[in-house]
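Everything below concerns the one structure shown next.
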Amino acid sequence: MTLHRLLARPWARTALAVPRRALATKSKTPPPFPTTPTCPAPTCACAATPELPEGFEIDRKASLNGLISNYAQHVLVCTGKDDWPSRIEEDNGGDNLAADLRELVGPKGKYSDPFHNTSTLNSSFPSSPPPKQRPELQTSSVYILPQFKYVPFLPRVSFDSVEALVRGYLQPEKLHPMHDGLSPIHRDRLLRKTAYQGLLWGVRDVSEVLVLICGHGGRDLRCGVFGPLLRDEFEKRLPEQGVEVLKGPVEAEGEAGHALEGEGSGREYAARVGLISHIGGHKFAGNVIVYLPPGLKTADGQAHPLAGHGIWYGRVEPKHVEGIVGETILKGKVIEELFRGGIKQDGEILRPIWGDIAFVLLALPLLPLLSPATPLNRDTFVPFTITAREQVSPTAFLLTVAPRPTWLERTLGFDSGFGSNWGWGLGSGSGGNGEAKTTAEVVRRAWEHGVWAVEVKQPELQVARDYTPLPPPVLSLGREPGEGGGDDGDDGGKGRGEMRFYIRRMEGGEVSGYLARLKVGDTVELRGPRWGWDLRTRLGSEGVEGDGEVKDKEKKKVVFLAGGTGIAPALQAARVVLEKPGVDMQVVWANRRREDCAGCGGGPKEKGGVVEMLEDLRQRYGDRFNYSCTVDQEGSFIDARTITRSVGLETPAPAPKRPTFSLWARGASQDSSASQEGVSAPPLPTVPVNSDGCTYHGPEKLVISDDSDARVGADTEQCQCKDADGNRVTGGKNLLMVSGPDGFIAHFTGAKVWAGGKELQGPVKGVIGDLMRRYPNLAQEWLVLKM
């Protein structure tokens, strides 16, 4: 029974009815600070509110109250700039402290703590000049709020200073009670260490008012328009009411070069006004945060009610500036109509509710009935239920998850449609998934892209790791699309948004160990998808059409070296590239023990779950798909001969020996069950196509790329390959892909590199790098992709 029919029944309408008299009951919760309902009308000739282009209107209907993110602190990097790229961690214009900080305290950072979130922002404030005793030293400055600390000299010659800032000032002094179950070593890692504070010189208290205005035009036009306009207005109106506006860098040293530690501006009432990067809620521009320092007094000398607070306003226009200065900065009153929220010096978020509390309370019981389930998205973790678990070896297992049923489905035992297929709009909950309104739609689009992953959260330690869903079963042998089965019928649950994962429990693995403890019926939280490579475009296989025989010279080849659970991306890749007749694929799967790949290349006749998937592909695609396995325990490993044979090169002459790679322990044998002698193929031909400037096929571009492309079907950059005459041609290269543990990838292709807060491909080194230097055609005809 659907929800439509359920609500159509008389008893349902009666049960959901709410007495009109009850809705009329009103109650107000007094806020913890003085307020004024509206902003006073201006008495000055303030600037006019600008007209914005169509599509960039300000949301003037939604309630502002409480719409702020949960952050325990803001860290403002003093850049001296007024605008930045959309994602500040991707700013390549010089030193990028924001990227370094996010690497440590960002959502996936080394010291990330979900109960002590740190928001790293760029600001237009200039940094203090280097210390007079070390004028050659490159330094940056940061504000830490609402702790009201200013760090004038953060040396940028070593990452150690960034870690000292995090360990000494940004981590909490006391952990949230949810961390009580952590081991002592994990708790210690998340706690502040005051010893690090001595490594940063000249840190002082902030005693001036800070007015922060979102002016991130590189992220949203509205803020780019309102930010500079409001900054000018504040700088005019503050002096009119007796508040000096401080400009230029903070003087952090005296004449003798001694740090002015613990000293502020020395002025009774002073303020700094600056632009900051994205803080959330562009539709409520202008966004203004007023930080009022501890110890601040009102105009009449009394203790300031908002001292030590940050007050966040939205929909601020030039006409409001005079009122904010007079009411909030001087009198300590919050303006209700503009108020989004606040933060106290101890990090407590303030979200007082003004309105009909009775209505809110009465509406709460209806929310489980009337609210659709949040779909899988890239912004928030969404709960899924484990529906199946299959142990495939002593350390590996298959886990199937499905969208968690709604309250109606759990209580009444029928499909309401909310869990996966209900078509209501979800606003911002789509989390970068376009118009997708359900998990089923998100998953369908992900499979259309081909290669993708999701983050799995370990709630006890609050860490997350990427896991690659296994593809649904291939079309049954002898059936064509549309005849039922496979992708059109038995879709492995993808029509309901189900996902299946191949997981190996690793010693010390935080997330894999957690997943290994879960059982059917337990809940696991996922976020995503994260798009992987667009393999079709990189192969150029979209240009190979038709069902007839494809000429050998038109064929493309994919070779995939998979270590352990790296077989999951290989299976995804196979699903994508074998759709077209002009592509052949070979997978070489390295395992530690025979039971991890039971049934592959000998051993037990009964095949493991993953080997069954590989065998299904071979039966479906015949000679176009081949796979083989190596097993550390049996002395078989992947080596250079495996690779040269797989890519069609002649077996190389004796070369400088390089050790073979054992998945968990270094092997000494040069023999490989995956690299037996066979008939050598001729050298690869050279094709006169210039791909240097192409995003998809240029090796130089690949070095500075991460392991993702824009979603297939979106407005993506086109291939830029050209022929000898400079004409655009459809490019394409063979793909040599490597996926597995970090050591596995580093051995064969060189490690990935971190730059600008992102993990990039980096140059090709290792075994394959050696082969490319010996065989230039290998570099010309093949793209090496590190997964």
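The backbone N, Cα and C atoms fix where each Cβ goes, and this holds for glycine too.
Beyond its flanks by at least six residues, the region 'Disordered' (112-136) meets 69-82, 84, 88, 91, 98, 101-102, 105-106, 143, 152-153, 170-172, 175-176, 178-179, 190, 201-202, 212, 215, 248-253, 257, 272, 274-279, 347, 462-463 of its own chain at Cβ-Cβ distances under 8 Å. Taken from TrEMBL, the feature region 'Disordered' covers 112-136 (among others).
For 115-126 (among others), the entry in TrEMBL reads compositional bias 'Polar residues'.
Annotation comment: TrEMBL describes 379-536 as domain 'FAD-binding FR-type'.
According to TrEMBL, the feature region 'Disordered' maps to 472-496 (among others).
Look at TrEMBL and you will find 666-687 (among others) tagged as region 'Disordered'.
Sequence annotations record features per position, and here TrEMBL assigns compositional bias 'Polar residues' to 669-678 (among others).
The domain 'FAD-binding FR-type' (379-536) scores a mean pLDDT of 72 in the predicted structure. Residue counts for the compositional bias 'Polar residues' (115-126) under DSSP, split into helix (H, G, I), strand (E, B) and coil, are 0 helix, 6 strand, 6 coil.
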